[in-house]
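What follows is a short report on a single structure.
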Amino acid sequence: MPQYRSKTSTHGRNMAGARALWRATGVKDDDFGKPIIAIANSFTQFVPGHVHLKDMGQLVAGAVEAAGGIAKEFNTIAIDDGIAMGHSGMLYSLPSRDLIADSIEYMVNAHCADAIVCISNCDKITPGMLMAALRLNIPVIFVSGGPMEAGKTKLSDQIIKLDLVDAMVMGPDKNVSDEDLAKVERSACPTCGSCSGMFTANSMNCLTEALGLSLPGNGSMLATHADREQLFLEAGERIVDITKRHYEQDDYSVLPRAIACREAFENAMALDIAMGGSTNTILHLLACAQEAELDYTVADMDEMSRRIPQLCKVAPSTPLYHMEDVHRAGGVMAILGELDRAGLLNSDIPTILSPTMKEQLAKYDIMQTDDPKIIDFYRAGPAGIRTVKPFSQSCRWDTVDNDRAAGCVRSLEHAFSTEGGLAVLFGNMAVDGAVVKTAGVDNDNLTFTGPAKIYESQDTAVAAILGGKVVEGDVVVIRYEGPQGGPGMQEMLYPTSYLKSMGLGKKCALVTDGRFSGGTSGLSIGHASPEAAAGGVIGLIEDGDIIDINIPTRTMDLKVSDEILAERRIAMDIHGWKPVSRERHVSTALKVYALMATSADKGAIRDISKLK
């Protein structure tokens, strides 16, 4: 029988001083012996997805204490990728994932907490918290802040739906008037919550449902909707239940590594592919698998991408649907239900809520249940009122979207495509793999051959695109932007957005050892591994070299002979695999990150072999 971890600091004469300090935080005599639940919040006023989380920790704390636990809240950092985008601030985004994981480990282990409730939402916060949870392997539940409502505005006498990416694309587009741009800017992000499309934040929050570590609706219920409050309250109540089951009933099945097992990671990847999630999710799932000590690789993901169909299509891959529409169609449980009926889901594994995923789907998949409470839950919709307050509205759709032939979520027979929304490419340009969000690639661009235009920073690529130096047929290559080379593996949302602004969105390809925002669409291939700074072939490409991309065959090749590449490699070995000329201040903190970072095919995690 495992002992409560908290007894280390709450029991015995030698801990009189520690108990005195616990008392100073509000712990009373009859509290000692109760499980201590750490509430890892991520409130900040910098990030729309987190601006409303200030009181969420105490909401959960109240539920924890009512259920018989001691709740202690702390906060992690949270970076807004959209605000940090397009300048040196983006160097810090991915490294913050590791800092978040470490900060949770530090707080939870230093204070001997027994379990964790992770209150996350945006891009690096959810994966950082997942890494910590799987590293610590103590009872955990995830509850996120929820998605933003989609924006709406009137352009050319039409009401259109909007999101952040629309504002980014229209900004440099000279065909968009100042008046229309102002309308879009003011309408694109109308409420608190994670940006409204299937971008990285929402993708990751959906994946926590597939991993079995969050409650149904966590990934899709709007931040503004009153129904979301119940997710926080239930998380607080349930964490006490599973914590007592582990420590008092010797139940190891409730631990995160038991729930988020290899089969659960396969479910998460199946969901990711089926819903056309962000390519960043591949990076984060690889990192989380490492923390869980699972042998799960890009090769496994590649195999799945060939047999999992795309059953859901959401912005930025289509303007028709946003997260509020995914929720109306039944959310993550609906997509998992369709995968299960197609024989593509491991449904006999546990979740934090049910003994098996199959039992959970029987209750929460709108195509299986006739429970009016569940149907009502998935009718929760947007109010269309600008606000930063959570739970501020209770609007509902008249009906759920259960149209599996032409709705937001499709059945296998009516899939958007027979292959999924993400793919891994291999070839001499990416020996260890590169990733592309096929959900956002036009069918005419599934194969593409063109000359390389080489840029050794995002900044120079942006200047070239906006300056008219990139033309139809080019393959824009942005290198030395990987985990080591950046350092920090910047997102390339602005280059892809500006290609669209210049009318080149379907006429060019972009390849990088950096990564892409979940808001990216088009023929944008990232995570090329090994990265240039690690000696990858992407560092050997020269202007005018022909690059051949073939998504159906999952290949990406540089049409240069092995002999010429060998000669170039000798020259680069002498040069030191660094940009020929690039002015960039790299802080000491980022240099430390770069020293330990692996390439994207390993999840950009730390190379712990360097510690031996």
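Placed from the backbone N, Cα and C atoms, the Cβ positions cover glycine too.
Swiss-Prot lists Asp81, Asp123, Lys124 as Mg(2+)-binding residues, and of the candidates Glu491, Glu531, Glu542 the one it assigns to that same site is Glu491.
In this structure, the C-alpha atom of Asp81 (Mg(2+) binding site) lies 11 angstrom from that of Cys195 ([2Fe-2S] cluster binding site). Within 8 Å of the Cβ centroid of the Mg(2+) site, not counting the listed residues Asp81, Asp123, Lys124, Glu491, the chain contributes Ile79, Ala84, Met90, Ser93, Leu94, Cys122, Thr200, Ala201, Asn280, Ser517. Taking Cβ-Cβ distances under 8 Å and a sequence gap of 6 or more within the same chain, the neighbours of Glu491 (Mg(2+) binding site) are Asp81, Met85, Met90, Ser93, Asn280, Gly514, Arg515, Phe516, Ser517, Thr520. Minimal Cβ crowding within 10 Å, among the binding-site residues Asp81, Asp123, is found at Asp81. A distance of 14 Å separates the Cα atom of Lys124 (Mg(2+) binding site) from that of Cys195 ([2Fe-2S] cluster binding site).
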